[in-house]
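Participant: Have a look at this one before I ask anything.
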Amino acid sequence: MVGVKPVGSDPDFQPELSGAGSRLAVVKFTMRGCGPCLRIAPAFSSMSNKYPQAVFLEVDVHQCQGTAATNNISATPTFLFFRNKVRIDQYQGADAVGLEEKIKQHLENDPGSNEDTDIPKGYMDLMPFINKAGCECLNESDEHGFDNCLRKDLSFLESDCDEQLLITVAFNQPVKLYSMKFQGPDNGQGPKYVKIFINLPRSMDFEEAERSEPTQALELTEDDIKEDGIVPLRYVKFQNVNSVTLFVQSNQGEEETTRISYFTFIGTPVQATNMNDFKRVVGKKGESH
């Protein structure tokens with residue numbers, strides 16, 4: 001949908017989010033007579049046309065008081081970011097440049113508006129929920145670092161001194177993991193034996209990873225690491241995941257180094273809202289906290 005769509009009443013809000021599906025939804029909370037809201041309105045409208053892969057909604061806090069209270073809106077303009085009806089971020093104020101940077105940041109992580117047909121109904125690509133600042137990769141090469149495997153392009157992650165990699169992936173809220181995609185080249189450098197650990201209290205080293213019992217161990221085939229491959233996880237063991245550590249022990253062809261073209265997780269957020277955003281108790285209209 002191109003353009004900003006006003007949300008007329010509280011009952012209309014959730015259906016609009018549902019309609020956005022896995023696409024990024026940017027919701028502007030505004031108020032009639034609010035100067036900063038009026039100032040940023042032309043830029044917000046322009047962004048809705050510039051980024052047609054996202055959905056842009058506008059909510060008046062007086063018309064939709066229930067929606068504003070549920071989302072803990074204390075000032076206008078406030079911009080909330082949703083995906084699959086899950087609140088993933090927010091931005092406050094009338095700085096159009098800062099808002100656009102935030103939108104671009106989330107669209108860079110966009111798994112694509114064309115939903116993968118191999119993702120089961122009810123699950124989603126969790127790439128937008130990965131907290132890149134909390135990620136770490138040991139034994140990555142200087143030329144081909146970790147960030148490369150979070151992008152669907154020709155770049156790749158490659159190990160440095162030997163074939164092993166130790167990757168920690170942090171999420172910005174608890175998630176349930178159903179499966180993962182683990183793509184690699186067909187030249188023998190793709191990953192083979194992988195140990196998965198979750199919610200470790202601290203970073204582990206290679207020696208610890210070798211001797212520790214994983215949450216799940218994988219033996220990947222060449223088919224598993226193709227572009228359309230899906231690697232199932234033991235869903236019951238991945239019900240409340242804040243971080244995942246992947247120990248890549250070896251590759252398909254016993255090559256000197258291992259390459260990973262792309263990986264992501266398939267699953268769902270544990271809850272439809274990030275409770276860290278709801279620490280403030282919503283008071284009566286006009287009260288400040």
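Even glycines carry a Cβ here, placed using N, Cα and C.
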Participant: Pick from Ser113, Ser212: which does Swiss-Prot describe as phosphoserine?
Facilitator: Ser113
Participant: According to Swiss-Prot, which residue among Cys37, Cys64 is joined to Cys34 by a disulfide bond?
Facilitator: Cys37
Participant: Counting other CB atoms within 10 A of each CB, which of the disulfide-bonded residues Cys34, Cys37 comes out lowest?
Facilitator: Cys34
Participant: With helix taken as DSSP H, G or I, strand as E or B and everything else coil, how many residues of the domain 'Thioredoxin' (2-109) land in each class?
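Facilitator: Residue counts for the domain 'Thioredoxin' (2-109) by secondary structure: 46 helix, 29 strand, 33 coil.
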Participant: Within the domain 'PITH' (115-285) only, compute the mean pLDDT.
Facilitator: 87
